[in-house]
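Novice: Dropping a structure here in structure tokens format, bear with me for questions.
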Amino acid sequence: MSNHHSKTKKTSMLGREDYIYSHDITNKNKKEKLNGASKNNDYNQDDDDETMKSKMMDFCDKTTAHGAKRVLIARNSFSKLMWGLIIFSFLLMFAYQASKLIFKFSAHEKITDISLKFDDVEFPAITFCNLNPYKKSLVMMVPSIRDTMDVYDNAKTHSKSEGEKKKPKVSRKQHSDASQQMVRELFAKEIEEGMVELKKSNKTLQSQNKSGRRRSQRSIENRRYEAIEAHCKCVGNIGMECIRFESPPRDPSSKCICTYDRDMEVAWPCFNISVWYDHECPLCHDDGYCESTLPSGTTSSDKWPCMCRNRGDTSERDDTPYCIGKAGVGKIEIRKLWLENNMTTTSTTTTTTTTPPPTTTSTTTTTTTTPPPTTTARPNQRAIVSNPETIKAMGFQGMTDGVAMLTRAKENLMFTMAALSDKQRIALSQSKHEFIEMCSFNGKECDIDEDFRLHVDPEFGNCFTFNYDVNNNYTSSRAGPMYGIRVLLFVNTSDYMSTSESSGVRLAIHPPTEYPFPDTFGYSAPVGFASSFGIKKKVMQRLPAPYGECVETKKVVDRNYIYAGYDYHPEGCHRSCFQNGLIDDCSCGDPRFPVPEGYRHCSAFNATARTCLEKNIGSVGDFHHITQKMDKCVCKQSCEEIIHEVTFSCSKWPSGATDLGDCDGMTESECEQYYRLNAAMIEVFYEQLNYELLQESEAYGLVNLIADFGGHLGLWLGFSVITVMEVCVLLVDMISLFFKSRHEEKLLRQSTKRKDVPEDKRQITVGSGRKSDAFVSI
């Protein structure tokens, strides 16, 4: 009775279907035990109860996954089929979703977080360079450099004569005259009607019987440009441009003649008075520029008073000199700039005492040109200058464009300088105290000797780096131009080489441990201005592989990296690959970049090396773009990079109230003009003391994968972590049962063989069987 009561209670606790399923399993297990007990085998028959089928049924009965149990407790085959299809469909859906999750995880996507950091901001290193790399007065003392410049000067002279022979060059003035003539033709009717109306309304016109001389004089006075005498300081070659002052000249040697613009009230350019000569030009244009001779086939009886000078540095008079009309009275009188500025009414005349150069051409209607292929721009040149191999190596053959020739001359200068030692190149460029006159940082005076370090650049010569010491780094306490670096730099334009197109300063902003690269990442500041460079700091932190490709280590140990002693930079990597490729092919390197230890740069005068270099540069292309020839070179970004964004502004400098430096023997106005033409004020400062942190992070990591994987398991199959553990236990049991059944089958076969052996041989067989059993038990 009690047994029946307990059975009823158990049935009520379980569901009906669960009870039936459990009862069937119990009866089935009992039957299997009875059948197993009836068999007479040599091994334990109780292990047969743990069959794979019973394990699966027991798992489905007790698992926390609800779907599998529904198949086994279904009342009919249709229900089992439906539940099986549903579970299988959900299993496929889960597999699809799981594959997408795995694909998303394997893509290693990343996101960039941007945040503002308020912390101490270290001031970057600033490298200052003169746009003129070497002093003209010094480089012309070195034979190899002088030869390089002579080849350039000869090429310029030759290209001008060749251009005149092939196709006469049309001047800007001739283009302007042609445009005026076209307008006259297009608007001839309107112009004629306007002139008729003007004549009718103007009854006070001057008589037309005045002399042609006075008419010519009056026309000159109304034109825009004229020659004017001024006070100048001329330094260097006599043909170089002079520095003009507003004050009267102290002596005749300080006089110069300038081209005066009436509209702008500016006198520029100015040249020493000794290079000018008086002339009577047969033709002067409406703007004031004159022609020393008439074009072929034209005649004129006019005689316009003008001042002329040679366009080149030669002492002989040019066939086409630069001429500008005079507005003074008489043949050799000229207006004085200092009198115009002081607005004096006293008429002061000065007679020029310069001796005009010997005239080699007569003023006729026909002109002759002498072909100058063998003419040199400067006398007493060495034989190597006219050597055909030298001319071929320099690459001026066939060039007529002045800009292209200047670019080529700059390259040739770098080739020549690369053959010199560092000590020799340093001596030819500006020294620290010549270049840097004044400096302050954070409102305090700098120590020019200690705070600036020399940096020799292949293109800009001597450069000087501020804040180069990592162990003693400057930090800005405030934002604004007053609390950064303010430096007065003297570039001395009077000593500029002919290859320097513009006057000013080149600066690069970079971390102290990185190479400056002023040619690529630099900024230019002109003379005569206070240039302000406001900077904002950004820190970029990139993820390494597998999320991205970046270089984690800053120190470079590769011997092929040509910028030894500096941190890794992608620009340095590209240049190193480019340079090493050229060395492999030509056995010499490009002078724009350093060479590894034991190698040399290509010679400027070696045509074979230059040809090989040009050929390889043409095949490789820009060293920033990897081609098939550089496919082995992989240049990655740094994992941590400091970026400085720069904004530029400028104002005219000096103001007139500025306390300037070395102005011995000059008035205040002369000193101001002197510095305006030769110096630049530079300000570099932080616009704000916070900085942006751009940090990469993984967009989908392992934690996200596990969470989404578990969510889909629970959604489609009703699985949890416990269910996963149950499946793992089931797999272990199934594997152990498989190997156990294989072992028992082996024992059964051995037992069967012993029964078939004759009795006289069974002892040996039994012994061997025991040995096998012992081996299995081990």
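Yeah, the Cβs are placed from backbone N, Cα and C, and that goes for glycine too.
Annotated transmembrane segment per Swiss-Prot: 83-103, 712-732, in sequence order, evidence recorded as sequence analysis. Here Swiss-Prot flags 154-165 as compositional bias 'Basic and acidic residues'. Marked as region 'Disordered' by Swiss-Prot: 154-180, 201-220, 346-380. For Asn202, Asn209, Asn272, Asn342, Asn473, Asn492, Asn606, the entry in Swiss-Prot reads N-linked glycosylation site.
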Novice: Which of the glycosylation sites Asn272, Asn473, Asn492 has its Cα closest in space to the Cα of Asn606 (N-linked glycosylation site)?
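Specialist: Result: the closest of the glycosylation sites to Asn606 (N-linked glycosylation site) is Asn492.
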Novice: Which secondary structure state does DSSP assign to Asn473 (N-linked glycosylation site), in the simple three-class scheme?
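Specialist: In three-state terms, Asn473 (N-linked glycosylation site) counts as coil.
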Novice: Could you tell me which three-state DSSP class Asn492 (N-linked glycosylation site) falls into?
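Specialist: The three-state answer is coil.
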Novice: Looking only at C-alpha atoms, tell me how far Asn473 (N-linked glycosylation site) is from Asn492 (N-linked glycosylation site), rounded to the nearest Å.
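Specialist: Per the Cα atoms, Asn473 (N-linked glycosylation site) and Asn492 (N-linked glycosylation site) stand 31 Å apart.
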Novice: Note down the number of other Cβ atoms within 10 Å of the Cβ of Asn606 (N-linked glycosylation site), including every protein chain shown.
Specialist: 16
Novice: I'd like the Cβ neighbour count for Asn272 (N-linked glycosylation site), meaning other Cβ atoms within 10 Å of its Cβ, all protein chains included.
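Specialist: There are 21 of them.
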Novice: What number of additional C-beta atoms lies within 10 angstroms of the C-beta atom of Asn492 (N-linked glycosylation site)?
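Specialist: 21, counting other Cβ atoms within 10 Å of Asn492 (N-linked glycosylation site).
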Novice: Let me know the DSSP-derived helix, strand or coil state of Asn272 (N-linked glycosylation site), please.
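Specialist: Note: Asn272 (N-linked glycosylation site) is in a strand by DSSP.
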Novice: Whole-number answer please: how many Å between the C-alpha atoms of Asn492 (N-linked glycosylation site) and Asn272 (N-linked glycosylation site)?
Specialist: 18
